[in-house]
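Q: Have a look at this one.
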Amino acid sequence: MNMPSEEMLRVNDITLSYRVGDIDMPVLNGVSFTVEPGELFTLLGPSGCGKTSTLRSVAGLETPTSGEITIGGETVYSSSRKVQLAPNRRRLAMVFQSYAIWPHMTVAENVAFPLRRMRVDPPDRRRRVDEALGMVGLAGEGQRSATLLSGGQQQRVALARALVSNPRMILLDEPLSNLDAKLREQMRGEIRDLQRRSGTTAVFVTHDQAEALAMSDRIAVMDKGNIVEMGNPETLYLRPRKKFTAQFLGQALILPIDGLEQGSGTLQLRTRIGVVEALADTRVKNVAWMAARPEHLTVAVPGAQIPGGIPARVVRAQFTGSTIDLELDAGGVLFAAVARNDRKFAPGDEVTVSFDPSNIILLES
Amino acid sequence: MSVFGAVLLIVVGWLVVLPLGAVLLGAFRPSGLLLDPGLTLDNVRRVYFNSEIWSLAWTTARFALGSTFVGLIVGALFAWMIERTDVPLAGFFRGAFIAQMAVPPFLLAMGWTILLSPRSGLLNAIGAQVFGPGFTPFNIYSITGMIFVEGIALAPSAFLLLGPAFRNLDPNMEEAARMSGAGSLEVFRKVTLPLLAPALLGATIFLTIVSFVVFDVPGILGMPSRIWVLSSRIYSLAHESPNGLPDYGAISAIAMMFILALLIAAYIYQKIIRGSSRYVTVTGKSFRHRRTALGAWRLPVALLGSVYLFVCICLPILMVVLASLQPFMMRPSAAALTNLSLQNYAQIFGDAHIVRAMVNSFVIAGVTSFGVLVIAFACSWAISRSQLPGIVRRILDVFTLIPLAIPGIILGTALIYLYLALGFLGIYGTIWIIVIAHTTNYLSFGVRSINSVLSQMHPELEEAALVAGSDRANAVRAIIVPLAAPALVATWFWVFSHSIRELTQALMLQSVGNATLTTTLFGYWSSGEPNKAAAVGISLFAVVLLAVLAWAAATLRFRK
């Protein structure tokens, strides 16, 4: 592979706005990130956060208002240097949300299309199409009409079509959102495996936090046209620094901090439901909020006491099999907790909840 | 802005804006001609400070609204019968109703004059025999007769516009109202009618626009008794003015008012069509059709439908066929039937002029349909898919809608001004001026129908080709064109069959060398040779019928 520069993709301060009537609607407000070769990088956020616009700007299907994008060291977009490389000259591949399988072609014709554009000669083309179909588990299905495929199969054809040309990078725009739950989980693993095996760099767009956590090397959490926070899945889930990240990734009890006392390596946080102890986190500057994941709370069975625990009342208890999901009320604050499945809880039970100081998340204002 | 956008703007501007400007400016020229010197308000004063214009407007409005009403009632009744009841032979009725589109309106008008002209009309003659002489209640050469025939001619369009709305009406909505305690009349008033309202309103405005500008029926039925509507009045100002010279100044001045009214109507129509998409009932969601059980009324309703089709469509055409086989007009009798021969056909096919006219008609329809297809596809793609600046796309969208609101007769006049002024192009008086007129005229239909296909096609299909290494042109060629092919073929047939039977503009632009089948027919008819006219008409009808059948086949294939 040809990689003159260290990073595969550099997106530098791109902005994008649409003109609706007389008003400029900002979509991207200066988005910057880099993606390393072989990495699976995810843009995660709620709908309308700008993640798809960012991906389409990288593909060249959308023209940003300003900024710069380089792929493998080659500038493909630059507002200052007036560069705007057409999508077909960026040597990328893309898997679309609707799969965009061309209904007037067979499976093999769909997959062969990028190779035809690259003027690969027929014997070589056939070999590579077969290879790609084999990779996605559709060996021997090449002559089928593309319209007769199921959703999952269309998804595989789209993947084969993307991988067949050995692109510099593969862009995936919510590729799993049209599949049913079971298939989605299966394809999650398959896409990740394919990407690892082929060593292709991938940029993935999704609004599904579980998908992002399970598949990504790194995640950029986006909101309202900005990247809120970037990092690997573990850090973003366990040690987010922004309230938006803590809220969007998984469940969390989030409380404003009313006062704070420094101890030796610990902090005493005064909150609406009582004083909570946390380990100091030097990365976080102005601590304004604390967050705790349901699975990090310890709930004592009714009657039992935990020293330093916070009293709460059970609002709802749901047996899910592997766990008991609890909804608790502490001084008017409702929050979720998870208890072991061999305990017994009923609505109205008075319980105590204790927090593990090492898992208390401190959030910046 | 790209070369592509610039070329499109120039082509569409040339076809649409230039003629429009020529007409509007012509109103302020003393001679009415675009490039002649001087500016004056005389034409405007002459036309508008004269009671004639207001009675002309009143007659036109009565004719347009009357025929819209008739067409809408007939179309809606058939739409209800075919789409919402368990009437027997629904498929046959649908096919028969759509096949009516092949009947040129002037053929229908000719048939009805044979049946209902005050002195020689067949039905009137029968009436006189039964009830005694002097009993001739039906006079087809009247505003009522014109409304009646135009209404019948509009009914298939009304059916096509209303059919989908009737078909897609979700019965759950009516059932929900029934479950909430509403009676059937109340359900119809409170649920069914409001749900159908956008389609009904859209169809009303569309039909009103069409009947406002139509020439065929008023030309054949109104002109003999000097009942003028806009289109026939302009024709007479161009061809029968007292001093022998066409009164272009007056034509332009009249045209101004009508163009303004029609542009407003077209604008409202566009708004309604857009707004109607808010009614979520017409989605792709599938539901089982619940049809009203007619019970004992099944056969009577089917019989009524058949009688309508026979009396209103087949009978007049039969009359024309009969006329085409006779040497002169005769009342049907045993003697008349023994006189039938193909002599008229032999004569017209042996006449070099008519063969020439036939070739002209085919060349005009062939070139027009391809021209419309190419320009409409380019515009449609530019409007819905390209990255041209928004303002360019909006301009294209509006410009391609305008021809819907320009009466053929006014467009014809406009092209006369334009290509007389641009005489060095050598287009005036040739078949190419008719090709230009038809291309402009059918551009609206072409763009709308291709738009509806492109809008159903996910943009990602094209984008996938771009990312896979295609440039724009290749992506359109390899993906969009093959996917849209059935619809493109259907559009081509529609334009071909309309262009080949078009009378109004061909007549306005008629000259020595560019006679068409329709102008030949009109010539025979107005010079008192109805039997030859009938033979030409039936030949034309056969060609159009073939094209419409092909169109229907292509449309059906596309639906699948």
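The backbone N, Cα and C atoms fix where each Cβ goes, and this holds for glycine too.
Pulled these features from TrEMBL for this protein:
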{"type": "TRANSMEM", "residues": "B:7-28", "note": "transmembrane segment"}
{"type": "TRANSMEM", "residues": "B:56-80", "note": "transmembrane segment"}
{"type": "DOMAIN", "residues": "B:57-269", "note": "domain 'ABC transmembrane type-1'"}
{"type": "TRANSMEM", "residues": "B:92-115", "note": "transmembrane segment"}
{"type": "TRANSMEM", "residues": "B:140-163", "note": "transmembrane segment"}
{"type": "TRANSMEM", "residues": "B:195-215", "note": "transmembrane segment"}
{"type": "TRANSMEM", "residues": "B:248-269", "note": "transmembrane segment"}
{"type": "TRANSMEM", "residues": "B:299-323", "note": "transmembrane segment"}
{"type": "DOMAIN", "residues": "B:358-551", "note": "domain 'ABC transmembrane type-1'"}
{"type": "TRANSMEM", "residues": "B:362-383", "note": "transmembrane segment"}
{"type": "TRANSMEM", "residues": "B:395-420", "note": "transmembrane segment"}
{"type": "TRANSMEM", "residues": "B:475-495", "note": "transmembrane segment"}
{"type": "TRANSMEM", "residues": "B:507-527", "note": "transmembrane segment"}
{"type": "TRANSMEM", "residues": "B:533-554", "note": "transmembrane segment"}
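So where do these features actually land, and what's packed around them?
A: For the transmembrane segment (B:140-163), the residues of the chain that approach it from at least six positions outside its boundaries are 59, 62-63, 66-72, 74-76, 78-79, 82-83, 94, 97-98, 100-101, 103, 105, 108-109, 112-113, 115-118, 121, 196, 199-200, 202-203, 206-207, 210-211, 214, 216-218, 221-222, 224-225, 227, 312-313, judged by C-beta separation under 8 angstroms.
Only residues 6 or more beyond the boundaries of the transmembrane segment (B:248-269), in the same chain, are considered here, and those with a CB under 8 A from a CB of the stretch are 20, 23-27, 29-33, 42-44, 46-48, 53, 56-57, 202, 205-206, 208-209, 212-213, 230, 233-234, 237-238, 401-402, 404-407, 410, 413-414, 416-417.
For the transmembrane segment (B:507-527), the residues of the chain that approach it from at least six positions outside its boundaries are 104, 106, 110, 215, 219-220, 235, 238, 353-354, 356-358, 360-361, 364, 408-409, 412-413, 415-416, 428-431, 433-434, 437, 500-501, 533, 536-537, 539-540, judged by C-beta separation under 8 angstroms.
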Q: Any chance the transmembrane segment (B:7-28) and the transmembrane segment (B:362-383) have 3 or more Cβ pairs under 8 A, given the pairs are 6 or more apart in sequence?
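A: With 3 or more qualifying Cβ pairs, these stretches touch.
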Q: Under 8 angstroms, Cβ to Cβ: which one of B:92-115, B:195-215, B:299-323 has the largest number of such pairs with the transmembrane segment (B:56-80)?
A: B:195-215
Q: At a C-beta cut-off of under 8 Å, are there same-chain residues at least 6 beyond the transmembrane segment (B:195-215) that contact it? List them, or none.
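A: Residues 60, 63-65, 67-68, 71-72, 75-76, 105, 150, 154, 157-158, 161-162, 164-166, 169, 173, 230-232, 235, 258, 261-262, 265-266, 268-269, 272-273, 275-276, 279, 281, 404-410, 503-504, 507 contact the transmembrane segment (B:195-215) from elsewhere in the chain.
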